[in-house]
């Protein structure tokens, strides 16, 4: 290795010596330079092409990978935008519910209409919910029962939106407040009695105003609040069918107690 290194140093010094170049034959260095230029011209384009191909081979995969990554990101953004637009424009979406005037529509569960609500107006001696437990209407709608007395109910009736009932009562020592729209009524309590403040004619009218179906009908409930009115309907039926087919007890009606006179025929109302 030492001898080779010394030989290389000798050649370097030898070729760098001006005297050595001067002793070369005429045209030797020119021919060598021309051959070198020809080699550069010949190998130039191919080397340039190989360099370009090398650079292209390195750059294009990176560019293609970046373009593919950009397309994937764009697809994800588009799908995310579609999801957001679906939430905002779907029929059950929050903004659509604002447009419909009911912001709570988006909070309604899908099975909101899978039950029917029955309002039972009766005292607490009878638990009506146990009679409807596990039963369905048309094998599709479950039955939900709300029970209260007339004195525990307030309401508002609308000609288009129906009747909204509010319950404010005590159950097992706790205050219970509810608001709902009944689908059906079961009335098991008299709407009017002889006790003070036991006249709930206004509630019957409000339920009738909202068109809530009932058993017995609200029309009959209203008629039965006045016993003389009810008896007058019986007299009408008797006159139509005849006494033999439709007998009723004879009665006498007075608008007030001041107009009552001795009457040997009972019953007197």
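Heads up, the Cβ atoms here are built off N, Cα and C, so glycines get one too.
Features as listed in TrEMBL:
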COMPBIAS  32-41  compositional bias 'Acidic residues'
REGION    32-51  region 'Disordered'
COMPBIAS  42-51  compositional bias 'Polar residues'
COMPBIAS  65-87  compositional bias 'Polar residues'
REGION    65-88  region 'Disordered'
DOMAIN    112-214  domain 'Synapsin pre-ATP-grasp'
DOMAIN    216-266  domain 'Synapsin ATP-binding'
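DSSP states for the domain 'Synapsin pre-ATP-grasp' (112-214), grouped as helix (H, G, I), strand (E, B) and coil, give 16 helix, 47 strand, 40 coil. Mean model confidence for the domain 'Synapsin pre-ATP-grasp' (112-214) is a pLDDT of 91.
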